[in-house]
Amino acid sequence: MSNNFKDDFEKNRQSIDTNSHQDHTEDVEKDQSELEHQDTIENTEQQFPPRNAQRRKRRRDLATNHNKQVHNESQTSEDNVQNEAGTIDDRQVESSHSTESQEPSHQDSTPQHEEEYYNKNAFAMDKSHPEPIEDNDKHETIKEAENNTEHSTVSDKSEAEQSQQPKPYFATGANQANTSKDKHDDVTVKQDKDESKDHHSGKKGAAIGAGTAGVAGAAGAMGVSKAKKHSNDAQNKSNSDKSNNSTEDKVSQDKSKDHHNGKKGAAIGAGTAGLAGGAASKSASAASKPHASNNASQNHDEHDNHDRDKERKKGGMAKVLLPLIAAVLIIGALAIFGGMALNNHNNGTKENKIANTNKNNADESKDKDTSKDASKDKSKSTDSDKSKEDQDKATKDESDNDQNNANQANNQAQNNQNQQQANQNQQQQQQRQGGGQRHTVNGQENLYRIAIQYYGSGSPENVEKIRRANGLSGNNIRNGQQIVIP
């Protein structure tokens, strides 16, 4: 690593024109002519790109790729929903819906091409526009809004065409309950539609053909029995509503019910055709027979639906009551076990408390006994110590008295000896005073000078004579002292 910070800084600021980016730069140079707001002179003269340009470019590329993936996923999901909602028995409606569902993909080609064009020229736009992140976000939001509006218009168009398509058969009094039931089953049970569609459509076609022939033959008799038919239609509508309410909660029974209704529709259509053919030549009273048969069949359906409702209610009540009973039993068992556990715990705690109190009482009594024993032992030890001290004191006093007596005797003997010695010294002094001279010490005289003065020489023998005569032990004498000179 170099020690010069400026060299490293300038080295990191060199132009980014490596061999790995040559292909990308060639594509950028080809597309630069199409950008009118690009300043080519500044790009060629610029040697040092702005700092963090590669980081911003990678960030923009990741954002655009992520937005494209999210947009494609949302587009495919919307197409799948539209295709599932737009499936109709008529081939003409399917073809028209498929052509319209293909239009968003064609319309989305232009914004995708614009995104590819923008990704190609992103590196060139970095040099002239160092901060295009906000414009890119605005561009993405505008494109998403346009795509959403296009998809909404296409879906609205398809729903309008579906609503304008003609009905595949007439809603007569004979098959009105079946048609309402089929519509309700198609809306509530979506997952079983594809399985039972082919079988149901075949049976429905037979019913439609027979019903159409019957209606064409009985056109003359419709005016006579219009009022009666209106009342029958109202009754059929109420019956169909009841059957719809019964078929909402059973998905598994819808398949068998559609199969049964298909066969029933075929039979009703055939009967209607026969009755309508004879109604052209008979009176108005004869025209009411198919309605009677229709009412009988509808009453039979209502009875079946009522039985199914009873069975469903019984089964539903059993399904609801069984978990409740089980839950109550489990909760009761848990409550019993919990109460027993709490009771045992409380009994155990009481016994533990009693045992603890007894133990504490025993410990307290034991402590009291030990304290009493300790106090007794202490008193005994103190008494023995006192007696021992008294004995020691008495013995000590006796020994002191003996010693004092001995000392007194010794002192008395010493005094006697001292007295005798003093008497002897006094006698000797008296003897010396009777046969010698007296000298009074003056000034700085000492025994040596006194011996020279009286004996003519200061020999040790002369000095010792003077000492012995005066009872002196040393050479110390004082002024004014009288000394006997032998």
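Glycine residues also receive a Cβ, built from the backbone N, Cα and C atoms like all the rest.
Noted in Swiss-Prot for the protein shown:
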COMPBIAS  1-40  compositional bias 'Basic and acidic residues'
TOPO_DOM  2-204  topological domain 'Extracellular'
REGION    14-34  region 'Elastin-binding'
COMPBIAS  64-85  compositional bias 'Polar residues'
COMPBIAS  103-118  compositional bias 'Basic and acidic residues'
COMPBIAS  126-160  compositional bias 'Basic and acidic residues'
COMPBIAS  180-199  compositional bias 'Basic and acidic residues'
COMPBIAS  204-225  compositional bias 'Low complexity'
TRANSMEM  205-225  transmembrane segment
TOPO_DOM  226-319  topological domain 'Cytoplasmic'
COMPBIAS  233-246  compositional bias 'Low complexity'
COMPBIAS  247-259  compositional bias 'Basic and acidic residues'
COMPBIAS  278-297  compositional bias 'Low complexity'
COMPBIAS  299-314  compositional bias 'Basic and acidic residues'
TRANSMEM  320-340  transmembrane segment
TOPO_DOM  341-486  topological domain 'Extracellular'
COMPBIAS  361-398  compositional bias 'Basic and acidic residues'
COMPBIAS  403-431  compositional bias 'Low complexity'
DOMAIN    437-485  domain 'LysM'
Residues from the same chain, set at least six apart from the ends of the compositional bias 'Low complexity' (403-431), whose C-beta lies under 8 A from its own: 469-471, 484
Helix, strand and coil residues within the compositional bias 'Basic and acidic residues' (361-398) as assigned by DSSP: 38 helix, 0 strand, 0 coil
PLDDT averaged over the residues of the topological domain 'Cytoplasmic' (226-319): 50
Counts of helix, strand and coil residues, the compositional bias 'Low complexity' (403-431), according to DSSP: 29 helix, 0 strand, 0 coil
